[in-house]
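Scroll down for the structure; my scribbles are underneath it.
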Amino acid sequence: MSFGDPQNPYGQQPGQPGQPGQPGQPPQPGYGYPQQAPQGVPQQGYGYPQSGGPAPYAAPQGPGYGGMPELASWGSRVLGTLVDGLVLLVPYIIVFAGAAIGGGFGTFLRLIGLLAVFAVAIWQLIQEGKTGQTIGKKALNIRLLREADGQPLGVGMAFVRRLAHFLDGIICYIGFLWPLWDSKNQTLADKVCSSLVIKSN
């Protein structure tokens with residue numbers, strides 16, 4: 001089956017539907033295309049004159065139609081990260097409250113808070129890997145995708161990207177500023193994982 005052949009737009013074999021083409025016979029046109037008249041016989045159109053064969057398919061250009069998607073700004077990435085940090089702040093407050101209270105109940109609160117921190121961090125990682133968005137990214141309408149095909153990274157690569165953020169902070173956190181002058185607005189971790197952060201609709 002051929003998907004890119006403009007002479008065969010529906011992946012059908014030449015000939016009658018469901019039958020293979022016969023040698024020596026011209027292929028049948030696809031639906032919506034004018035039929036070719038035999039040599040020397042003028043072609044009749046329906047309402048307008050036909051001028052040549054069908055135009056080849058071309059994807060529309062512009063935002064959201066192939067080509068390079070609109071990249072997320074550094075500011076929106078920072079704000080998205082801050083929102084994600086605020087989401088994690090709630091369980092951390094529970095941990096600190098437990099430490100301040102002390103005793104058996106304080107220990108219980110610290111344990112609940114730590115479990116909540118772990119659960120929120122894992123949930124955000126899974127969401128980022130499967131959909132390209134954490135709560136912060138969703139709030140700012142940005143999305144993390146693979147550069148090669150525009151699909152979400154997957155949970156494994158999202159985890160690798162989070163580990164690779166170590167590179168962003170290794171020299172005075174310069175990797176986090178890298179999107180300010182990079183043509184693809186990528187951090188060093190994005191470059192390692194071949195990921196892009198784009199504006200989503």
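All residue numbers here begin at 1 and follow the chain in the order shown.
Using the three backbone atoms N, Cα and C, a Cβ is placed for every residue, glycine included.
Where the annotation comes from TrEMBL, it is an automatic prediction and has not been curated.
As the structure is a computational prediction, the values presented were derived from the model and not from experiment.
What TrEMBL lists as compositional bias 'Low complexity' is 1-16 (among others).
Residues or ranges marked as compositional bias 'Low complexity' by TrEMBL: 30-61 (among others).
What TrEMBL records for 71-193 is domain 'RDD'. Within the domain 'RDD' (71-193), the DSSP-based counts of helix, strand and coil residues read 90 helix, 6 strand, 27 coil.
For 1-61, the entry in TrEMBL reads region 'Disordered'.
Sequence annotations record features per position, and here TrEMBL assigns transmembrane segment to 78-101 (among others).
Taken from TrEMBL, the feature transmembrane segment applies to 107-126 (among others).
Residues or ranges marked as transmembrane segment by TrEMBL: 163-181 (among others). Only residues 6 or more beyond the boundaries of the transmembrane segment (163-181), in the same chain, are considered here, and those with a CB under 8 A from a CB of the stretch are 74, 77, 187-190, 192-193.
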